[in-house]
Amino acid sequence: MSQSNITQFLCWNYVVCPVYHEINSDWADKYSRGVFFLLFCCLPGDVTPRESSPFINNTDQDQENYYDGKNMALFEEEIESNPMVSSLLNKLVNYTNLTQGVTEHEEYENEEGVTKIRMGTFIGVYLPCMQNILGVILFLRLTWIVGTAGILESFAIVVMCCTCTMLTAISMSAIATNGVVPAGGSYYMISRSLGPEFGGAVGLCFYLGTTFAGSMYILGTIEILLTYIVPNAAVFVAEKKEGEAEAMLNNMRVYGTCCLALMALVVFVGVKYVNKLALVFLACVVLSIMAIYAGVIKTVIEPPDFPICLLGNRSLQNHNFEKCVKTEVIKNVTYTTKLWELFCDSHHLNATCDEYFTLNNVTEIQGIPGLLSGVIKDNMWGDYGPSGMLVEKKRQSSVPAQDNSRDIYMPYVFNDISTFFTLLVGIYFPSVTGIMAGSNRSGDLRDAQRSIPFGTILAIATTSFIYMTCVVLFGACIEGVVLRDKFGDSVKKNLVIGTLAWPSPWVIVIGSFFSCCGAGLQSLTGAPRLLQAIARDGIVPFLQVFGHGKANGEPTWALLMTAGICEIGILIASLDAVAPILSISLSVWKPISHFYSSSPTLSFLGMSLCVSLMFISSWYYALVAMSIAGCIYKYIEYRGAEKEWGDGIRGLSLNAARYALIRLEEVQPHTKNWRPQLLVLLKLDSDLGVKHPRLLSFTTQLKAGKGLTIVSSVLEGTYMTLGAEAKSAEQNVKSAMHAERTKGFCHVVVSSNLRDGFSHLIQSAGLGGMKHNAVLMAWPGAWKQAEDSYPWKNFIETVRETTSAHQALLVAKNIDKFPSSEDRLGEGTIDVWWIVHDGGLLMLLPFLLRQHKVWRKCKMRIFTVAQMDDNSIQMKKDLQMFLYHLRLNAVVEVVEMHDSDIAAFTYEKTLVMEQRSQMLKQMQLSRNEREREAQLITKLGTKSHGNLNDNATATPDHRVHMTWTKDKLITEKNRNRSEPNVGVKDLFNMKPNQSNVRRMHTAVKLNEVVVNKSQGAQLVLLNMPGPPKTKGGDENYMEFLEVLMDGLDRVLLVRGGGREVITIYS
């Protein structure tokens, strides 16, 4: 075949065919002679990719590159599950920003014309974080916090909050650098680290926090607009002074709603426009920060002129008067001023004035004395107070008035809310929670695992420095009464931080306005993407509608939901009321995130600090937020989709389980802690389904989901041939367990025979201290009709092995007649026949059953047997006292069984039993004889066939050595035939064994008593006699048990494990 022919053949991609050919050309020498070509060709339509590796996505087309020539023929059978290194590296190099196997978080768009905007560290993470952190709190509330809390406490607040966010960012970096971070940001990292339950609960709380952050930024924007830029634009105007606050709230609601609609429209248009606007907004923020520092430097040279007016020691609102004097002399004539008219009933000198106004003088001081003025000493400590408290200058003399009832109507500066340290922490904390602005947009980042840690930590370091220096500089440059003036009433309605700026306060006003606008846009951009990521994971079923969006991936429905929730915050209309809610919502996830820190010390420190800040900010909000997170967690746990993301909680659970198992194995459990840890031996039908599902129902009723339950079964064969059947059977058993609400573990093993399989389970099921101490199985009801003796022999061997292993044994007769977990038994009894002491297991089992709703209405009766020499009255009293100490409510009855002659019926039944056993032995011998004949014929045939094919030089050493020769077979055959003939004659002349007669007598008499007393009982519990020590009487043992349970519907045979399981001591 020529090179062109082979090339043409390779182009035929319609079939899959092996080609053998001898190639002698130079072109083919490099592939060696006799090369084996295997052409993998795609059949039409067979182009569906599939995930065959946990690392990469393999497709059928890729497999043609896995095997080339003979160099890797040694690995060709495993090439599908273990790809070539070259192929693996190629996949990893061309890795896209998507999860492996499926597009879990973001639809990969290959359509023509649709492109995704990918951003770097600076634009994608650093700038959004800077913009969110240096937002509304810095410009509107930081000066007020410094004035109210003092420099020291304000610095402590800033350090605590910044430390908290830095530790959180370090923990976040440990996760972000651990692998690829698709869309979802902080939610993705939490959920993949701590599981879907924690991820969903914390993610939704964080989403709500981010949404309320948008409300806070919008409220800040409107506050700046209506208070400092265009105060005359108010829609609602108060007619009286008392209604000014309510009118302001209504204006905030109207303008806030309009601003929200405008911002939502901008976000809807696309993230690229938000990014372009963000650069403009951030430029304003940077200019504002620079203006603040420039103003601080200028105060050293020439402080700005912002005089404030004090009446006594009280600060006055000076936007309604120009001169800080009561009267003024013009051409030797004394005139009253605007200030006089505010405190007096007329402008005349003889007017009636406010008492405090009359007693105190008016003084004017500089609001910005400068960095070198020494005002830092006065601002070092805090000045907290209730709502309505007057803002007063410390160490300023004044004369108090007797009547202060009209102070509220005077132009003083008041505290609008009560102030205390924890409130200020709650108000300030949202300013540092903007660290998630970059991680929330991880789906839009070019390299999220590098950009998120680097950009976030750098932004925190930068903003922490700005906040700490601002706290000190504000306290060192601005007068205390001005700092405590939240809205700048004492400086002619100027923004307080703007009075410090250079060259003009308008730089700060405009900068803060655009900063709040930009932060609001960032929140409205990040929150919908966070909700979309949660919805696309499918862990909260009713949120799946929010996973859809526009063709380019923009979360349209999530944006609408976010705008609706954001409107709720705007309707609150108070920045100080929204901030604590935001603090708690954004703080809930922080303690959780520290579980994944690279340092245990940092993890514990960060978690403790976060929890402390939550309760410091608002303990009741903290409890509400944690309750909401807990409810979401439980909802996802019970109703959400099951996800396996390799989360850290699973690792913690494994470590905790290992530690607990080691501790359990160190000492044996005390009698007070003993509970039946069940190994349930199931029987499967021909379709690998559970044959007796009611056995699982009874397990559920007995265990109630507590303790250890191992449900197991055995398939007969080899694991190499039945591996798939074993997995299928295990799934069937798990489905049956789920249907019967049985909580436990499932294990199906494959063994060469059932006996060995059950033996291995009894010996090795469980792990460490979590091993079973009791075995539950069904009674082999059809053991008499079985073609062979394996069923009842396996049963007896199981009884012997559980006894040898000191494990309890529970055998349920007529298990299919037992109630299901949905049934409710009415009036009835659970009868316990306590014949021999078994460690108290017979007492414990009915108590546990009655805890379940199926058996709850059943009463407990305990019967015991008295012999001739026993005092039945005293036995009853002792048993009642014993039950009283055990706190068991049961009816006690002592049954007397007198010695009586053995009835003829018992002799006859024993004789029939032994005759049947003898006949079974004879039938077994005949069966063995037939098997030996077949074995000899097979081997003789094999030998003849070998002689025909072997050459004449074969040596005698190669002959097959037979276990059975023809002579041995004839001799054994004659011997076996003679023995049954003798046995048949003896069947009619044999006498029953006296030991068997006595045992049969006991079984018959005890059965009569039990049937007489308990035939109508819902359940009968009986002591299970032990099997014979020698195997010669095994079949008789089964007959004894059958006679003992005859005439009873539901019976549970109980055999103790050789230890006490109940105690009367507390």
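We count from 1, first residue shown onward.
Cβ coordinates come from backbone N, Cα and C, glycine included.
The annotation domain 'Amino acid permease/ SLC12A' is assigned in TrEMBL to 125-297, 414-679. Per TrEMBL, domain 'SLC12A transporter C-terminal' is recorded for 693-810, 812-1066. Positions annotated as transmembrane segment by TrEMBL: 125-144, 156-181, 193-210, 216-238, 250-271, 277-296, 412-437, 457-483, 495-521, 557-589, 601-622.
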Long-range environment of the transmembrane segment (250-271) - Cβ separation under 8 angstroms, sequence gap at least 6: 117, 214-215, 218-219, 221-223, 225-226, 234-236, 277, 441, 444, 517, 520-521, 524-525, 528, 552, 554, 556, 559, 562-563, 566-567, 570-571, 573-574
The transmembrane segment (156-181) and the transmembrane segment (601-622) contact flag, 3+ Cβ pairs under 8 angstroms: yes
Interface present between the transmembrane segment (412-437) and the transmembrane segment (601-622) (three or more C-beta pairs under 8 A): yes
Paired segments the transmembrane segment (457-483) and the transmembrane segment (277-296) in contact, 3+ CB pairs under 8 A: yes
Helix, strand and coil residues within the domain 'SLC12A transporter C-terminal' (693-810) as assigned by DSSP: 57 helix, 25 strand, 36 coil
Model confidence over the domain 'SLC12A transporter C-terminal' (812-1066), averaged pLDDT: 72
